[in-house]
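Asker: Pasting a structure below so you can have a look.
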Amino acid sequence: MTSKSHPPLMKKHSQTDLISRLKSRKILGVGGEDDEGEVHRSKISQVLGNEIKFAGREPIGLRLWILISAIGFTVMALMALVFPNQLYEVVFEEELSTTNISVRLYGGALLSLALIMWNCLYTAEKIVIQWTLLSEACYFTVQFLVTSITLIEIGILPNAAVLLLLSRVLFLVVTMAYYYHLGRKPKKI
């Protein structure tokens, strides 16, 4: 049996043929804008989604605020873990009559939030920073409510507790301002 020799294949150089490349990308559905205005570079990024990084610049002072929060949460956590009685006495101006375990658990929760803050300091992903700010805002809200209710139940209003409540409101306002600023769509020029 004789085998026929096939004529040499004609190769199309689609890499140099711009129109062919554009047609191929259009058929694949990449390269153009989708409904949300995102331009996908490949089908894989279209399916998996892109990491949402900052479209423009970060808000002024955002990293400094996250650093201050991380340091504050770490210091408060260590104080609650190591000196639970003293921390309670400073805020409520009375001795802790029950066990120290509740204040130490509070310190453990604060330390967990502090680790999230330290991690957020080094990330560029917008969604991670937003969730970190939201969890910080939730903490400030819960702490304000719990401290207020406790002070009402005790029937006293020490200066340290008032200062704590006012600081929590201030921290909540700053955190929510950054959260709101990150959630806005960037202006298109």
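Positions of Cβ are set from backbone N, Cα and C atoms, glycine also.
Those TrEMBL annotations? Automatic predictions, nothing curated.
Sharing the feature lines straight out of TrEMBL:
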TRANSMEM  62-83  transmembrane segment
TRANSMEM  103-121  transmembrane segment
TRANSMEM  133-154  transmembrane segment
TRANSMEM  160-180  transmembrane segment
Asker: The transmembrane segment (103-121): which same-chain residues, six or more beyond its ends, come within Cβ distance under 8 Å?
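Answerer: Residues 63, 66-67, 69-70, 73-74, 76-81, 84-85, 87-88, 96, 128-129, 132, 135-136, 139 contact the transmembrane segment (103-121) from elsewhere in the chain.
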Asker: Report, as numbers and ranges, every residue of the chain located at least six residues beyond the transmembrane segment (133-154) whose Cβ falls under 8 Å of a Cβ in that stretch; write 'none' if there are none.
Answerer: 69, 91-92, 94, 113, 116-117, 161, 164-165, 168-169, 171-172, 175-176, 178-179, 182
Asker: Where else in the chain does the transmembrane segment (62-83) make close Cβ contacts, counting only residues six or more beyond its ends and a cut-off under 8 Å?
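Answerer: 103-104, 106-108, 110-111, 113-114, 117-118, 120-121, 129, 132, 136, 171, 174-175, 178, 182.
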